[in-house]
Every structure is written in C-alpha cells, then in structure tokens.
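Asker: Quick one: the structure is below, questions incoming.
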C-alpha cells in the first residue's frame, strides 16, 4: 500500500531495509492491490482496514504486516541519521518507557541497547520472520502455522515501538521534513488495523495514547497527532511495568 504522497516526501535511498514485495499473479499480490486501491481512493481508514468479504483473515493480515514493515522502514530510514549511539543511547519512548531487546540467539535475556542497535536487530528479526516460508507461506494452498497470529502480534508490537521512538524523540526531524501529516496517516492506518483485529495489547499503546500538551486522549480522537503540538518526553506519562521498563 505505497501511497504517492509518501514517495514525494521520503527519499527511497533512505529506506532502512530493502522493501519486501509480493509476486505478481499471487493471491497476496491481488490483496495488496485491493488494499492499495482503497487507500488511494481516499476510503476512511477505519473502513479500509476491515477484512474484505470472502477473504481469509491470515492472508489479509500477512499483506498488511509486510506493508507496515516496509512503511516503518521508510519512516525510520528518513530520520536514522539523527538517531545515533550518542543521541539515543537507550531505546526508549520518553523517560518512562524503555524497550529492551531479547531474542533466541545472542540476547537470551532482556538487554538495554541504543536505539539504532535495537532498530537494526529488530528489522533483521522481522525480515527473517516474513521471509520464512513456514511462517509467511507464499504458495497458494500452503496453510499458515497455528501460531501465525502470535508471531504477527510480536512483530506488530515491536513495530509500534518504532513509532513511539520516532514520535517522542525525533518528531522535530519529521516536522522539518514537512512530513508530519504523512507519518500521522501511516500511524493511523497502523493503529486502526491492529485495533480492528486485536493484534496489540492495549497496554502497549499507552505511550502514544495522550498528547499532554493538549490533554486530549488520542484514542478518543482516533490516533490523531497534531503537527502543531510536537511530542516531547512529557508525552510518556504511564509505566508499562512497575519499573517503567517494557521488556521483550
């Protein structure tokens, strides 16, 4: 679901990872085109994310996970030159939310990392998941694994944390590019999709639920983020855990 306005704002060369594409002629490619057509036609995002009649939920979810991966790559790639070991020594979303990395390989225990290191590991990990035929099968008739939605929830929760970091720590850069409205649209699309299908625990959404400068609950508005009130550390007001640290 690549929108023309995003191409105008973001430099393709800044993409953090190569885009994952769907093979023409496949069912996923057709679903991707259907979803893109809805967005390009200006359909309400709440309606655009709904499962089309006659389509399988897992296929619809798979198409969107890949698309969101591509979009978040594009967004983070645009501001990544300002997200460094020095500027962002801890992957966080304001002073109350710290995200630690854990995987099945090197980091068996939750580990505090710089934001750029965390992002690098995150995108590598997601890329492995979506390129794994056992998790994201591409052949028609090949069933999805029983734990598919569990894997998807993990991927989307982690991608959401990229939005949190970008909004709270790099919104000034987004504003300088004049791209806040476009990033907001990407976020709204993501938000409506994950809430439509219950793919993120509501606790994960807390860091972006309130804009303290206007004291307006974002959930009540839909996830509308005002370009006139950029986000700062004060936006993170509640703990994910008793220590204020989100561990995964």
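Placed from the backbone N, Cα and C atoms, the Cβ positions cover glycine too.
As listed in TrEMBL for this protein:
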type: BINDING; residues: 83, 88, 165, 170; note: Zn(2+) binding site
Asker: Tally every other Cβ atom lying within 10 Å of the Cβ atom of residue 170 (Zn(2+) binding site).
Answerer: 23
Asker: Enumerate same-chain residues with a sequence separation of six or more from residue 165 (Zn(2+) binding site) and a Cβ-Cβ distance below 8 A; give 'none' if the list is empty.
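Answerer: When sequence neighbours closer than 6 are ignored, residue 165 (Zn(2+) binding site) has 83, 88, 91, 92, 93, 99, 115 within Cβ distance under 8 Å.
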Asker: Within 8 Å of the centroid of the Cβ atoms of 83, 88, 165, 170, which other residues of that chain place their own Cβ, given that this set defines the recorded Zn(2+) site?
Answerer: 79, 82, 87, 115, 116, 166, 169
